[in-house]
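Asker: Heads up, here are the entries from TrEMBL:
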type: TRANSMEM; residues: 69-87; note: transmembrane segment
type: BINDING; residues: 75, 78, 82, 340, 469, 473; note: Na(+) binding site
type: TRANSMEM; residues: 99-120; note: transmembrane segment
type: TRANSMEM; residues: 141-169; note: transmembrane segment
type: TRANSMEM; residues: 225-246; note: transmembrane segment
type: TRANSMEM; residues: 258-278; note: transmembrane segment
type: TRANSMEM; residues: 301-322; note: transmembrane segment
type: TRANSMEM; residues: 334-355; note: transmembrane segment
type: TRANSMEM; residues: 457-483; note: transmembrane segment
type: TRANSMEM; residues: 495-514; note: transmembrane segment
type: TRANSMEM; residues: 526-547; note: transmembrane segment
type: TRANSMEM; residues: 567-593; note: transmembrane segment
type: TRANSMEM; residues: 613-638; note: transmembrane segment
type: REGION; residues: 680-727; note: region 'Disordered'
type: COMPBIAS; residues: 698-709; note: compositional bias 'Polar residues'
């Protein structure tokens, strides 16, 4: 922050400071303490504004308990991605080998930056706009970009909750509606629906009954009324949860954050008792070490770390801004990060235990179908019975016996083997195709549950868990939008929150068209990823290189009462920015080398086909990315050329119920004392203990504690919890 403001220059002038200021500092009670504001910058209009901002900070809502706050952070960070995206990435990127790059990046990027966001939110007690405006006014656009990214994510994320609501209500019937293909009657003849017969019952239900999907993004197909109603229900639930801020959302978190763990524990126990569960778990954690050297794996691991912890969204900052100043946010960062990783691993165990069970069932089904083909060939003399090993019993055919018979036939009938149409029926193949991105929840896992005893019960529990996971993340996402806007522009909280939900519902109708799933892919895979990496790297630069890592560490020491590990100093200063710069570059190159596309469901083929986005869709995609990052250069330009005030030329002193609140912007501590009391520092009694500059790792603590009750502040005054008195 600049040191040459009007306030600092004033200390060298001969103007006399009014006697009332000295009286006030002598602890004489002002007549009207709510209006007692001294503005020495010469801006008359800022007096009332400064007083209102500081009194607002004093009256800022707070969490009812530490548990409520921790559950809110867990609810925001642990979301739907932990259930289907993390297992998908593990399966895709080498099983257990994927855990290595993920853990490395979690330690050197995830936890340090999560701690950074927690700390700045708690210290400054504002949403993302106010925080980054204060830390570095020229980079104040970071906060606006965070709000826009939260809006983009919230628009499609609540659609996924709508899907879960649809499946939840469909689960209250037996048998489950996706357990069998529908039968179509043509006169007196009943035939199975062709699209379903070519694919599977669960795949057909997902694409045709739930989404009623079109063949491409260019075919709108009109609104899907069932999903439109589900989206309305989803936004109604979110609106009721966040309309009162943390007073309402905090209570919701007790259920939405804890219930998913109850369900995961039940599914884990049930899954481990299923036949074939061990096969799925072993397949999952068998590492393919060559994947560890693939740069693409590291890029996807870093992206998953960002999304898993909610970095750059502003929700982490918003939640921490309602904390007390002495809260140990370092402990919170480590705890929430560990729980998040633990949840991902737990969900992966559950998913692959259940999918191992499903793979065994499908493999046995494959063996039976192909054995019937072989019997047909034997009866028609296409194959000789001499090819069948004598111990093979077709009435009790095992997978091992079938593989032995399959290998013999393939060896003897090498030239004609392809015409026989026999499948190898390998369990490994079934496990490899089990995970299908977001289709994991609505196709693969859903199909596995149809084989459970009491399948409707498990289906209800599963989709209720998804709804709660999504709700927790949506509450944090909405906080990333509403908290900074309400803090900055002082709009009515309830009215603005309801307005956001109504606006988002109508914009979200884009995603409940018959082609809506393709737009979800566009927003999920592309529109948020690159802007998030830009936001996070600029957050790091703003604190570590512009505000100053040493200064920030000193502020943390004062706030926490202990000096954070020197590990964070090096991560914030060097390692994390370098890693994120490489990640951003890789993301841009990947976007340029591989044209963005999506998996389209082709009705006639009853199969997926990868299609590239058309030109108009690419224009929308590029526009979304540009809009998300545009506030950063715009705010920088306006403040660099002094077209937008950064509020750095205001010094105010206000009082509330005997507590002193000071704006010490652009002043060093000695400058402030010398200016207000018109004395040199040695002659003025300081309300704060002596501070020593923090010199980085290895230096002594910058805080000399005195004999005051809390051990961190000197006697006489308590610093108020306002942005103007922090950092």
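Placed from the backbone N, Cα and C atoms, the Cβ positions cover glycine too.
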Asker: For residue 82 (Na(+) binding site), just count the other CB atoms lying within 10 A of its CB, please.
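Answerer: For residue 82 (Na(+) binding site), the 10 Å Cβ neighbour count is 26.
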Asker: Considering only Cβ pairs under 8 Å, which range in 69-87, 141-169, 225-246, 457-483, 495-514 makes the most contacts with the transmembrane segment (334-355)?
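Answerer: Checked against 69-87, 141-169, 225-246, 457-483, 495-514; highest Cβ contact count belongs to 69-87.
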Asker: Compile a sequence-ordered list of residues in the same chain as residue 75 (Na(+) binding site), six or more apart from it, whose Cβ lies below 8 A from its Cβ; state 'none' when nothing qualifies.
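Answerer: Counting only residues 6 or more apart in sequence, the Cβ neighbours of residue 75 (Na(+) binding site) under 8 Å are 253, 256, 257, 471, 472, 473, 475, 476.
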Asker: Enumerate the residues of the same chain, 75, 78, 82, 340, 469, 473 excluded, that satisfy the criterion Cβ within 8 A of the mean position of the Cβ atoms of the recorded Na(+) site; list them in sequence order.
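Answerer: Near the Na(+) site, the remaining chain residues are 74, 76, 77, 79, 80, 81, 257, 260, 343, 472.
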Asker: Output the single range from 69-87, 141-169, 301-322, 457-483, 495-514 maximising the number of Cβ pairs under 8 Å to the transmembrane segment (99-120).
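Answerer: So the stretch in question is 301-322.
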Asker: Tell me the Cβ contacts of residue 78 (Na(+) binding site) under 8 Å, same chain only and six or more apart in sequence, or just say none.
Answerer: 257, 260, 308, 339, 340, 343, 469, 472, 473
Asker: Taking a Cβ cut-off under 8 Å, which residues six or more beyond the ends of the transmembrane segment (495-514) line up next to it in the same chain?
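Answerer: Contacts with the transmembrane segment (495-514): 151, 154-156, 158-159, 162, 211-214, 219-224, 227-228, 230-232, 235-236, 238-239, 242-243, 245, 478, 481-482, 485-486, 520.
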Asker: Counting Cβ pairs under 8 Å that sit 6 or more residues apart, are there three or more between the transmembrane segment (301-322) and the transmembrane segment (613-638)?
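Answerer: By the criterion, they do not touch.
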Asker: Which Cβ among the binding-site residues (340, 473) has the fewest C-beta neighbours inside 10 Å?
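Answerer: Relative to the other binding-site residues in 340, 473, 340 has the fewest Cβ atoms within 10 Å.
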Asker: Hey, which bits of the same chain come close to the transmembrane segment (141-169), Cβ under 8 Å, at least six residues off its ends?
Answerer: 80, 127-133, 210, 226-227, 230-231, 233-235, 237-238, 312-315, 438, 441-442, 446, 459-460, 463-464, 466-467, 470-471, 473-474, 477-478, 480-481, 484-485, 504, 507-508, 510-512, 516, 519-520, 523-524, 527-528, 531-532, 534-535, 538-539, 542, 624, 627-636
Asker: Examine the transmembrane segment (225-246) against the transmembrane segment (457-483) and state whether at least 3 Cβ pairs sit under 8 A, considering only residue pairs 6 or more apart.
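Answerer: Counting Cβ pairs under 8 Å (6 or more apart in sequence), the transmembrane segment (225-246) reaches the transmembrane segment (457-483), since there are 3 or more.
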Asker: Let me spell it out: take the transmembrane segment (69-87), skip the flanking residues so only those 6+ beyond its ends count, and list any with a Cβ under 8 Å from a Cβ in it.
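Answerer: Same-chain contacts beyond the ends: 63, 157, 160, 246, 249-250, 253-254, 256-258, 260, 284, 304, 307-310, 315-316, 319-320, 322-323, 327, 332, 335-336, 339-340, 343-344, 347-348, 351-352, 435, 437-438, 440-441, 465-466, 469-473, 475-477, 479.
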Asker: In the same chain, who gets a Cβ under 8 Å from the transmembrane segment (613-638) while lying at least 6 residues past its ends?
Answerer: 138-142, 144-145, 148-149, 152, 217-218, 522-523, 526-528, 530-531, 534-535, 538, 595-598, 644
Asker: For residue 469 (Na(+) binding site), list the number of other Cβ atoms lying within 10 Å of its Cβ atom.
Answerer: 28
